[in-house]
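Reading through the structure tokens given below for one structure.
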Amino acid sequence: MNIFRLGGDLAHLLAIIILLLKIWTTRSCAGISGKSQILFALTFTARYLDLFTNFVSVYNSVMKVVYLAAAYATLYLMYVKFKATYDHNHDTFRLEFLILPAAGLALIINHEFSIIEVMWTFSIYLEAVAILPQLFMVSKTGEAESITSHYLFALGSYRALYIVNWVYRYYSEGFYDMIATLAGVVQTVLYCDFFYLYITKVLKGKKLQLPA
Amino acid sequence: GSLVETKDEL
């Protein structure tokens, strides 16, 4: 565990908390893509299948449980409790366009052809693109609330910090994982345009509005 | 041997 990895985990946790608090306090999930949230729930379900078979540390297990619980709590709030506020007309991204390629790629490019390893690899590929429905929704409506922007910034920072962690681990431990690193780079690159808008607009107190 | 070590990440 190094400071970048911890920072990444905390940024991820912060993103999840921001999203849950936003939905809970405003009693609304307007502007949030339920499709992206489904993909995140699927991602962490596939990745943490080893929760009971591979004990790493108390920290590791607790974080896994928290991420899973938060992912399903978000789905519950969006699709059950505050269903009426869900903006499904703008959330039209086709999930199969992301799930099927991620599953196909996981079957072909993996570290080992076993169920748990292919599921882990699938989760890595799926997570890389899971935010696309959300970004698509923002581009469709042309704007995002500030709180949604903060959520996206924290979520994007998480994988960016993991990349720094992987560079650090490569030099300090000689450790590297090509699958996680390449997917992590793709994931972070997808946020670049958003990062630019966030820094130039939201941090200056303006609403995130896409240029016409 | 990255197969096992990477699983300590989240």
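Glycine residues also receive a Cβ, built from the backbone N, Cα and C atoms like all the rest.
If you look up TrEMBL, you'll see A:6-25, A:62-80, A:92-109, A:115-138, A:150-168, A:174-199 marked as transmembrane segment.
For the transmembrane segment (A:150-168), the neighbouring stretch richest in Cβ pairs under 8 Å, chosen from A:6-25, A:62-80, A:92-109, is A:6-25. Touching of the transmembrane segment (A:62-80) and the transmembrane segment (A:92-109) is ruled out by the presence of fewer than three CB pairs under 8 A, sequence neighbours closer than 6 excluded.
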